[in-house]
Amino acid sequence: MSMRTEYCGLVTEHLLGQTVSLCGWVQRRRDHGGVIFIDLRDREGLVQVVCDPDRAEMFATAEGVRNEFCVQIKGLVRNRPEGTVNAGLKSGKIEVLCHELNVLNASVTPPFQLDDDNLSETTRLTHRVLDLRRPQMQHNLRLRYRVAIEARKYLDEQGFIDIETPMLTKSTPEGARDYLVPSRVNAGQFFALPQSPQLFKQLLMVANFDRYYQITKCFRDEDLRADRQPEFTQIDCETSFLGEQEIRDLFEDMIRHIFKTTIDVELDAKFPVMPYSEAMARFGSDKPDLRVQLEFTELTDAMKDVDFKVFSTPANAKDGRVAALRVPKGGELSRGDIDGYTEFVRIYGAKGLAWIKVNEKAKGRDGLQSPIVKNLHDASIAAILERTGAEDGDIIFFAADRAKVVNDSLGALRLKIGHSEFGKANGLVQAGWKPLWVVDFPMFEYDDEDARYVAAHHPFTSPKDEHLEYLETDPGRCLAKAYDMVLNGWEIGGGSVRIHREEVQSKVFRALKIGAEEAQLKFGFLLDALQYGAPPHGGIAFGLDRIVTMMAGADSIRDVIAFPKTQRAQDLLTQAPSPVDERQLRELHIRLRQPEQPKA
């Protein structure tokens with residue numbers, strides 16, 4: 001016989017007058033004038049249980065229970081007395097009069113109250129089992145489950161096949177570091193945990209599976225941020241015989257379907273599309289948050305001949321940029337606010353933050369308030385006011401440096417101001433969801449340290465057809481058939497059309513200074529497969545953790561993963577990673593070298 005007949009949170013008026021069996025945990029026990037009330041919790045919610053002293057044996061047991069005891073109760077569902085209804089609970093109109101109470105397992109005193117919202121992350125992750133009992137974590141993980149289910153439903157309906165790819169694979173150290181797994185059988189050799197199923201899913205397209213997907217773990221040994229984990233989950237997809245636009249349309253519909261069916265959000269009927277170059281020019285980011293109603297103004301050309309070296313030097317540098325950020329009504333900002341923003345942009349490499357307050361635009365330079373106005377000639381001031389569209393009461397911030405520093409610092413300032421209380425009060429940020437596609441990424445980035453080009457995405461991304469000739473003559477001019485889906489400033493998915501011809505893939509390897517011998521050693525299996533009539537193909541991978549984090553309104557992806565790692569890639573619950581037995585190391589033919597101690 002089942003230990004329970006109902007979930008606690010689902011006991012409502014439809015069960016009035018019925019006897020139910022419930023199992024769960026004691027959220028709270030209260031003794032009110034000889035009657036004991038127990039808030040009993042399971043995954044569906046709470047129900048109030050009333051323990052009357054008329055049943056002596058049951059009541060004695062109730063007197064001994066404490067928070068987080070695991071118990072079973074049997075009792076009668078009845079209406080709560082008038083004036084005691086709890087509108088905040090699904091079960092708030094009823095209570096269960098307890099007839100039997102069995103303690104299934106006692107609990108030691110928990111290290112924290114489950115309703116404490118001020119717990120440190122260290123405490124939460126160390127006691128993750130208890131943390132997961134909290135309603136918000138229950139909600140987050142069930143939301144994650146629903147997102148995965150809806151993704152599967154959509155992909156199944158579109159003819160995709162769920163195929164598993166290997167977790168032990170070949171190390172191809174391009175980009176992030178691999179997690180390496182030593183082979184006991186093949187001494188001195190290593191597997192790598194996959195950073196993505198990229199090459200295997202391409203091979204599946206060559207193998208005529210046409211449409212593939214899996215929801216899979218991926219691994220990257222990199223420095224962590226709030227939105228990164230050493231192991232993360234992707235909704236990984238690949239399809240044959242579709243062009244870039246068709247692929248984007250297919251997966252845009254999937255994301256629209258997931259948001260509608262899981263959190264009842266209607267995303268735009270058609271996502272806007274923005275070239276990478278435009279995103280960087282307007283927002284300083286390839287994942288712009290379109291909720292923030294602030295944009296850059298380009299001033300590099302207008303500052304080349306000013307006496308102000310802070311502006312003219314980067315304006316005349318090959319990799320320099322001068323840009324402005326106009327903040328409507330920003331004249332209200334105090335000097336303390338401005339000083340705070342100045343310190344903030346230093347985090348991103350900026351040396352300072354120039355600014356101009358527009359008091360009376362009609363008066364020209366006399367109507368401007370700023371320590372830099374005296375260093376700018378009339379033509380440059382006119383360009384600033386005209387291009388920014390500044391009005392009385394605005395403030396204009398400036399960044400002048402290498403383009404990367406300008407983009408990073410002014411882009412971060414844009415978000416900080418937009419999402420601040422000032423920004424919210426003055427309509428500088430909109431509510432809701434703002435998706436877009438960013439396309440036409442550079443194929444390569446130049447690595448000054450190694451004096452060579454590296455792949456901006458990965459080396460299997462196809463260049464645009466009209467840029468194929470640049471692979472051998474000017475790789476820096478190549479644009480890729482790559483696309484990222486961005487939502488509210490987060491990249492939630494990224495993909496590309498792949499190279500499906502061996503000769504093009506070999507040209508890309510040469511552009512990356514990967515010689516024929518090295519290419520054969522690392523990627524020979526792919527080059528061989530491409531010679532057997534590989535179809536045109538492409539795909540995308542979505543970050544499941546990121547999507548659920550946004551839907552849940554969580555602060556970190558650690559809040560939507562059952563057992564996450566810290567920012568130091570540690571599991572505080574199991575204390576992993578940890579030392580291993582010397583015998584295990586000998587079996588793997590591994591000897592540890594202690595890290596060198598820093599010199600005094």
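Cβ atoms are placed via backbone N, Cα and C, with glycine included.
His32 (site 'Important for tRNA non-discrimination') carries a strand DSSP state (E or B). Of all Cβ atoms in the shown protein chains, 8 besides its own fall within 10 Å of the Cβ of His32 (site 'Important for tRNA non-discrimination'). Per Swiss-Prot, site 'Important for tRNA non-discrimination' is recorded for His32 (among others), and the stated evidence type is sequence analysis.
Cβ neighbour count for Gly83 (site 'Important for tRNA non-discrimination'): 5 (other Cβ atoms within 10 Å of its Cβ, all protein chains included). Under the heading site 'Important for tRNA non-discrimination', Swiss-Prot lists Gly83 (among others), citing sequence analysis as support.
Marked as L-aspartate binding site by Swiss-Prot: Glu174, Arg220, His457, Arg498. The number of other CB atoms found within 10 A of the CB of Arg220 (L-aspartate binding site), across every protein chain shown, is 20.
As annotated by Swiss-Prot, region 'Aspartate' applies to 198-201, with the evidence given as sequence analysis. Non-local neighbours of the region 'Aspartate' (198-201) in the same chain are 165-166, 169, 172, 212, 236-238, 458, 460, 523, 525-526, 539; each lies 6+ residues outside the stretch with a CB under 8 Å from one of its CB atoms.
Around the Cβ of Leu544 (ATP binding site), 23 further Cβ atoms fall within 10 Å across all displayed protein chains. Feature annotation from Swiss-Prot assigns ATP binding site to Arg220, Asp221, Glu222, Gln229, Glu491, Gly543, Leu544, Asp545, Arg546.
Fewest Cβ neighbours within 10 Å among the binding-site residues Glu222, Glu491: that distinction goes to Glu222. Helix, strand and coil counts under DSSP for the region 'Aspartate' (198-201) come to 4 helix, 0 strand, 0 coil. A coil conformation is recorded for Arg220 (L-aspartate binding site) in the three-state DSSP classification, outside any helix or strand.
Closest to Glu222 (ATP binding site) by Cα-Cα distance, out of the recorded positions His32, Gly83, His457, Arg498, is His457. A count of other CB atoms within 10 A of each Cβ picks out Arg498 as the most crowded of the binding-site residues His457, Arg498, Arg546.
The ATP site in the record is lined by Arg220, Asp221, Glu222, Gln229, Glu491, Gly543, Leu544, Asp545, Arg546, and its two most distant CA atoms lie 20 Å apart. In this structure, the CA atom of His32 (site 'Important for tRNA non-discrimination') is 47 Å away from the CA atom of Leu544 (ATP binding site).
Taking the C-alpha atom of His457 (L-aspartate binding site) as reference, the shortest distance to any of the recorded positions Gly83, Glu491, Leu544, Arg546 belongs to Glu491.
Separation of the C-alpha atoms of Arg498 (L-aspartate binding site) and Arg546 (ATP binding site): 24 Å, rounded to the nearest whole number.
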